[in-house]
Structures are given as C-alpha cells and as structure tokens.
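Features as listed in TrEMBL:
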type	residues	note
DOMAIN	23-288	domain 'NADH:quinone oxidoreductase/Mrp antiporter transmembrane'
DOMAIN	290-342	domain 'NADH dehydrogenase subunit 2 C-terminal'
SIGNAL	1-24	signal peptide
TRANSMEM	56-75	transmembrane segment
TRANSMEM	95-115	transmembrane segment
TRANSMEM	152-171	transmembrane segment
TRANSMEM	178-197	transmembrane segment
TRANSMEM	203-219	transmembrane segment
TRANSMEM	240-261	transmembrane segment
TRANSMEM	281-302	transmembrane segment
TRANSMEM	323-345	transmembrane segment
Amino acid sequence: MNPQAKLVFTLSLLLGTTITLSSSHWVMAWTGLEINTLAILPLISKSHHPRAIEAATKYFLVQAAASALVLFSSMTNAWHTGQWDITQLTHPVSSLVLTSAIAMKLGLVPFHFWFPEVMQGSSLLTGLLLSTLMKLPPIALLFMTAQSLNSSLLVLMAILSAAVGGWMGLNQTQVRKILAFSSISHLGWMAIIITYYPKLTLLNFYLYAVMTTAVFLALNSMKALSLPTLMTAWTKTPSLSAMLLLTLLSLAGLPPLTGFLPKWLIIQELTKQDMTPAATIISLLSLLSLFFYLRLAYCTAITLPPHTTNQIKQWRTNKPVNILVAILVTMSIILLPVSPMVIAIP
C-alpha cells in the first residue's frame with residue numbers, strides 16, 4: 001500500500017476514535033464510529049487476497065448493521081425523551097437496542113461470529129488494530145451509558161463470552177484466531193463489571209491493550225501465523241520467545257503478572273455486589289482460556305520441534321528486539337505492584 005494512503009487511513013482512525021471519545025451528542029459519536037469503520041476497511045483488504053476481501057466485506061456488513069442500530073437507539077431515545085445527550089439514555093428499549101449494537105461492534109457473544117473470521121483474513125498489525133483501537137470507541141459508549149444499561153443482560157452476555165471464547169479457542173492452530181477468541185473472552189470480563197464499576201472496565205481494557213499489543217508485535221517480528229511456525233521461531237529470536245512466553249502467561253491472568261490485576265479486582269467487586277455465583281462461574285471459565293494460552297506458551301519456548309519438520313527454517317538474525325516491544329512486555333509483567341494505587345482511585 002502507498003505510504004501516503006496508509007498515513008491518511010491511520011490518521012482517519014485516530015480522528016474517528018477521538019471524535020467518538022470526545023462527543024456528548026449521539027450523532028457525533030455515530031459519525032466517529034463510521035469514520036473508524038471506513039478507515040479500517042482498506043487496511044484489512046490491502047493484501048488483495050480473497051480471504052482479506054472476504055474479511056473486509058464481513059466487517060463492513062456487521063459494522064454497518066451495528067451503526068444503524070446505534071442510530072436507531074439514539075433516535076428512539078430522542079423521540080421519547082427529547083434528549084440527544086449520550087449520558088441521558090433513559091428509555092428501556094433504546095438501552096436494550098444500544099446494548100445489542102455495542103455487543104455487535106465489540107464481538108460479544110452472541111454477536112461474535114464475524115470477529116475470528118475477520119482476524120484470520122487480516123495481517124497481524126491490522127489484527128492488532130481490530131483488537132485494541134477499534135474496541136475503544138464502543139467501550140467508551142458503554143462507559144458513558146453504564147448507569148442506564150440492563151445489568152442482567154450484560155452479565156449473561158459476559159458469561160457466555162467467557163465460555164465461548166474459551167471453548168472455541170481450544171482446538172485452533174492459527175495464532176490470529178486464538179487471539180480473536182482470547183479477545184472475546186476478555187470482553188466478557190469487561191462487560192460483567194461495566195454496570196457496577198465502570199472504571200474497572202476501562203482499567204481492564206487498558207491492560208488488555210498493552211498485553212495484546214506486546215503479543216502481536218512479538219509475533220509480527222517472528223512472522224509466526226500458526227503454531228507449527230511458532231515452534232521453530234526460537235531458533236531466530238530466543239530472547240523474544242522468552243518475552244512472548246511471559247506476556248502470554250500475563251494475558252492468561254496468572255498471579256505474579258500484570259494480567260492478574262484486573263481479574264482480581266473484578267472478582268473482588270462482584271463479591272461486594274453479592275454476585276458470588278457469577279464471579280465463580282467466570283473464574284472457572286477463564287481456565288479454558290488458560291489452557292490455550294499455555295498451549296501457545298508451550299509452543300513458543302518450551303517444546304522443541306522434531307528434526308523432520310515441514311517448516312522452512314529461517315536464518316537466525318541478530319537484530320535487536322524492538323524497544324517498543326521491550327517496554328510493553330515489561331509493563332505486561334511487572335505492573336501488579338501498582339495495584340494498591342489503582343484500588344485507591346475513587
């Protein structure tokens with residue numbers, strides 16, 4: 001792709017996200033979402049491969065339907081209450097339609113079917129944008145309307161997302177699909193707490209974005225798209241493989257690492273809200289995700305491939321690890337000690 005065109009699309013992504021985050025009017029928020037959708041489509045389909053074109057088409061259709069539902073929800077609310085302000089979403093039907101629209105935009109169960117397919121048809125860097133930056137505007141809309149959302153519906157969708165994200169990721173061999181189901185599972189953790197403690201949802205999203213960015217950039221450096229390729233990557237970049245191992249364990253939420261922080265705080269808050277059964281169920285379902293993270297980690301740095309491998313061995317290069325990857329991996333591993341400071345935030 002032409003560098004100038006890529007720059008225009010990237011700036012449009014940032015512009016659309018900024019418009020949605022800074023708007024208090026539904027039409028402006030909808031405009032930002034539309035700019036985002038139109039800017040990411042050329043980045044998905046830039047390889048001109050049939051799989052990429054199919055992914056871009058699916059993404060466009062789903063996001064167009066979700067944007068139409070957002071507009072319908074805001075117009076219904078304005079019709080009944082006379083309010084176009086995002087925080088004044090008081091009509092119950094509008095709230096229900098908006099929850100469905102945002103779930104469709106994010107890829108929450110039962111609107112998750114498009115996300116793994118679109119991720120598989122995109123490059124790793126485009127997949128990184130789809131998993132992090134493209135999810136920020138919908139989560140911001142959920143954050144602004146949290147007080148008027150149906151908490152029972154969101155808890156149900158969250159538990160289903162954690163279950164489906166865990167179950168469907170178990171048998172995958174493609175790294176991008178595994179990370180897509182990982183994203184669905186993490187979205188379940190964000191959705192379950194949004195109506196009770198919205199700041200925890202944002203904290204979870206920020207830490208998830210840091211860890212996922214580290215994983216995607218490390219995989220992009222290794223050029224690893226499937227588990228067999230990942231097994232032979234340690235010959236090229238042994239230090240990066242070790243860093244990726246720790247980041248994957250952090251993404252799984254194991255205690256000494258950063259990824260444990262949001263899960264711990266969410267379980268604590270759910271228990272305070274007398275939702276111990278929901279906390280227990282979603283904690284048990286996270287064990288499913290832990291299995292495929294351990295599988296990825298095992299393939300990355302623990303197992304040695306057989307000598308009769310069908311993969312093309314690549315020359316080992318002594319290029320240094322990207323400084324951005326090093327910073328993100330460090331944040332993904334050692335941020336747990338700041339938890340007292342996070343808990344102190346009102």
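Cβ coordinates are placed from backbone N, Cα and C, and glycine is handled just like the others.
With a threshold of 8 Å between CB atoms, the same-chain residues lying at least 6 positions outside the signal peptide (1-24) that come near it are 31-40, 42-43, 46, 85-87, 129, 133-134, 136-137, 140-141. Using the rule of three or more Cβ pairs under 8 Å, pairs at least 6 apart in sequence, the transmembrane segment (323-345) is in contact with the transmembrane segment (203-219). If you average pLDDT over the domain 'NADH dehydrogenase subunit 2 C-terminal' (290-342) in this model, you get 76. By the Cβ criterion (distance under 8 Å, sequence gap of 6 or more), the transmembrane segment (152-171) is not counted as touching the transmembrane segment (203-219), fewer than 3 such pairs being found.
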